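Okay, structure first, notes after.
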């Protein structure tokens, strides 16, 4: 969950988020170096009085400023393409969760088990307990076992929604009549917050998501209690 005055990415909670943070740092390093170099060149040109009135062409410098940007783009594109393929890859999921967006709440179905489905509504401000987060707490949290490959299917019953957990680098659009999928792995036990990230009507801001990552044994006990 993003905290007050936090201007950076949220703490990583999945292997995919760790890869995305590494790519972010990689790209930012390149951008900062380019910014410093260009700024230094501009300042040096502004504050010196040297001039060259007979420069007609410069084959060498034109070659350099063509090749170097191409190399920089390749250095950014290669890890980006690798990440794009990794984000869409799902290998032998051990759990399937179907998520349905409504105006304005979420429905969850655990398709691997019988009769496990529930709705998740935001808890109104007046009904919050101590230490609950305003506009983020729900009446039914979504439990998942950590360190487990999970397949997520997202759709919508009315308008377009978007199921998003920033700390797990997951954002899936829920489109009526379509199923979008993604993989999810939590690398630690915790509670993760998210919100609908697609404007879906008057109460768009009141569709929080709470994912509770627990141990596999606790998850199995929860499944048995719901059966």
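Cβ coordinates come from backbone N, Cα and C, glycine included.
Positions annotated as topological domain 'Mitochondrial intermembrane' by Swiss-Prot, on the basis of sequence analysis: 1-26, 83-227. Under the heading transmembrane segment, Swiss-Prot lists 27-48, 63-82, citing sequence analysis as support. Among the features that Swiss-Prot reports, topological domain 'Mitochondrial matrix' is placed at 49-62. Sequence annotations record features per position, and here Swiss-Prot assigns Cu cation A1 binding site to 161, 196, 200, 207. The annotation Cu cation A2 binding site is assigned in Swiss-Prot to 196, 198, 200, 204 on the grounds of similarity to another entry. Residues or ranges marked as Mg(2+) binding site in Swiss-Prot (evidence: similarity to another entry): 198.
Sequence-distant neighbours of residue 161 (Cu cation A1 binding site) (same chain, 6+ apart, CB under 8 A from its CB) are 101, 154, 173, 174, 196, 198, 200, 207. Across the topological domain 'Mitochondrial matrix' (49-62), the prediction's mean pLDDT works out to 79. Just so you know, of the binding-site residues 196, 200, 207, the Cβ with the fewest other Cβ atoms around it within 10 Å is the one at 200. Neighbouring residues of the recorded Cu cation A2 site, listed in sequence order and excluding 196, 198, 200, 204, comprise 101, 104, 159, 160, 161, 162, 197, 199, 201, 207 (Cβ within 8 Å of the Cβ centroid). Under the DSSP three-state reduction, residue 204 (Cu cation A2 binding site) is assigned to helix. A coil conformation is recorded for residue 196 (Cu cation A1 binding site) in the three-state DSSP classification, outside any helix or strand.
Same-chain residues at least 6 positions away in sequence with a Cβ under 8 Å from that of residue 204 (Cu cation A2 binding site) are, in sequence order, 104, 196, 198.
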